């Protein structure tokens, strides 16, 4: 069972985003899709619904609503959480790293 989400360090999360996510994702409103979708407005949205991004059927069919907890669970092991996703990221195994990244994403994508 994945660890429960706990608010982390936004600053450490920003560093994690820059080193682990920025090559494929943007967070600002109106930001471009890259290899992965722009993440602005992701919280409260269902998986596979960022306008203008070509998702796999797996992402569209999963239908998960992104919350701090579901995002943390996903980031632990994306390919296990959504089998068939094209996200080529092995995941963040440490709950603290996931908490920090999700805390950053919650603010940066709002």
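Here the Cβ of each residue, glycine as well, is placed from N, Cα and C on the backbone.
Under the three-state DSSP scheme, residue 25 (heme c binding site) falls in the coil class. Summarising the annotation, Swiss-Prot assigns heme c binding site to 21, 24, 25, 87 and lists sequence analysis as the type of evidence.
Taken from Swiss-Prot, the feature N6,N6,N6-trimethyllysine applies to 79, supported by similarity to another entry. Long-range Cβ proximity for residue 79 (N6,N6,N6-trimethyllysine), meaning a same-chain Cβ under 8 A and a gap of 6 or more residues, is found for 85, 87, 91.
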- Task: Check each residue in the chain of residue 24 (heme c binding site) that is at least six apart in sequence and keep those whose C-beta is under 8 Å from its C-beta; list them in sequence order.
- Result: 34, 35, 36, 87, 88, 89
